[in-house]
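**Student:** Structure incoming, see below.
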Amino acid sequence: FFCSVRPSEPFLTRYLLGPHKNLSETQVFNEIYPVWTYSYLALLFPVFLATDYLRYKPVVLLQGLSLIITWFMLLYAQGLRAVQFLEFFYGMGTATDIAYYSYIYSIVDVNLYQKVTSYCRSATLVGYTVGSVSGQVLVSVAGWSLFSLNVISLTSISIAFGTAWFLPMPQKSLFFHHVSSQQLSWEMKVMDCRNGSAVQDHPIVQRAPGWEDETKVPLNGECRSAEKQEQKVDIVKVLKDLWRDFLQCYSSQTMLCWSVWWALSTCGYFQVINYAQGLWELVLPSHSTEIYNGAVEAASTLLGAVAVFVVGHIKTSWAMWGEVALALFSFLIAAAVYIMDTVHNIWVCYASYVVFRIIYMLLITIATFQIATNLSVERYALVFGVNTFIALVLQTLLTLIVVDASGLGLDIFTQFMIYASYFAAISLVFLVSGIYSIMRAYRRQEQMQRR
């Protein structure tokens, strides 16, 4: 919650262009913001491995420290290079976000995953909404400066960082640290032997990682040394396990379809939300009038949450109609981005942005559900990480070509026209694929009836 209470974030572009930093639009949009994309991509995979190897908590602390450095530099750093360095630390803070949910899953039972996920996402949502609303109220009503909002953000992040120190240290992880799980399995079998029950038929024992190998370990003092030997990290084996799980996950056509949409749309989503404030700034300069970025961010988050709640109660055959639904909603996203770009009215821009975020949150929830229904939690985390990594690769290419000053360095309006075309292309691809899938399903059904 405290990590998400950042009231200054909706006003970041205005702050960088204002007297506090005195940066130009070209510097902010074409030289500073792209650094976040590059650093996020470069750090995501190393952080993924480090999170598992270090057992989550140190990376959670690293995230808090990275965000503290980011907001401290926002307050006091001056000049283009310093702010670019700031964006690197923000990319680190974003990349390490994976440690938060991984940590939660490592310390609770499987039957509590749904509940703790709900708690954590609710805390993040409420924190983000409180930050956006309080930022808007403090700017519009109380007349606070953006510098003061950054002080509040730094304070809130520092509280989160202090809280993280009191988290218990997990004793196991998914890939590198299986010893605790094996020891737990061994202890359960000893307990079952004492109770006179069948050891290997126990369902809890069968679910524990490494239970098959434990049956070969002698139940005497030598088992301790055997466990210590298994503590040695085999990075090659870990990478092989990752590759095997990767091939198994993406062998499903349905899984591949939803994952492709996830990666493609998340790439476009990141680009739009990264540069939406820049578009609003050009449509209506903040130095000449009051802006409502915080209220818009809060409204889009809350309405998106409502849409996510509603979609959980929709009964439909996503296996048959999923691709067509992705195509139609992707077209609506393209239309919203196009309207945001061409109608130079701030209220139309705000409304289009809210629609854009609601539809994306709706679809990404459906995609998450489709993936979660076919995979275990561990593989789900792997698929989520791979999809995000592919999205970042695509976003990096898009940023390098379209946004970066060393590439085309296009202006904001031209960029958003490209993003609208990008989502329209996604819509067309999935419409063709969806129609083909439906025709094939009906043809298969007719063949079954003839038989």
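Every residue gets a Cβ built from N, Cα and C, even glycine.
TrEMBL labels come from automatic prediction, so no person has curated them.
Features from TrEMBL:
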TRANSMEM  32-51  transmembrane segment
TRANSMEM  58-76  transmembrane segment
TRANSMEM  88-108  transmembrane segment
TRANSMEM  120-141  transmembrane segment
TRANSMEM  147-167  transmembrane segment
TRANSMEM  254-271  transmembrane segment
TRANSMEM  291-311  transmembrane segment
TRANSMEM  318-339  transmembrane segment
TRANSMEM  345-369  transmembrane segment
TRANSMEM  381-402  transmembrane segment
TRANSMEM  422-442  transmembrane segment
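So that I understand the layout, could you describe where these features sit and how close they are to other parts?
**Tutor:** Proximity of distant same-chain residues to the transmembrane segment (58-76), defined by a Cβ-Cβ separation under 8 Å and at least 6 residues beyond the stretch ends, is recorded for 3, 6, 8, 15, 47, 50-51, 82-83, 85-86, 89-90, 92-93, 96-97, 99-100, 103, 147, 150-151, 153-154, 157-158, 160-161, 164-165, 167.
Taking Cβ pairs closer than 8 Å, the transmembrane segment (120-141) reaches residues 1-11, 100-101, 104, 148-149, 152-153, 156, 290, 292-295, 297-298, 301-302, 305 in its own chain, all 6 or more past its ends.
Residues 254, 257-258, 261, 265, 268, 272, 348, 352-353, 355-356, 359-360, 362-363, 366, 370, 416-417, 419-424, 426-431, 433-435, 437-438, 441 of the same chain lie 6 or more positions beyond the ends of the transmembrane segment (318-339) yet place their CB under 8 Å from a CB of it.
Below 8 angstroms of C-beta separation, residues 34, 37-38, 40-41, 44-45, 48, 98, 101-102, 105, 174, 242, 245-246, 249-250, 255, 259, 262-264, 266-267, 270-271, 368, 371, 375, 408, 410, 415, 418, 422 of the same chain, each at least six residues beyond the ends of the transmembrane segment (381-402), sit close to that stretch.
For the transmembrane segment (422-442), same-chain residues at least 6 beyond its ends with a Cβ under 8 Å from one of its own Cβ atoms are 257, 261, 264-265, 268, 320-328, 330-331, 333-334, 337, 398.
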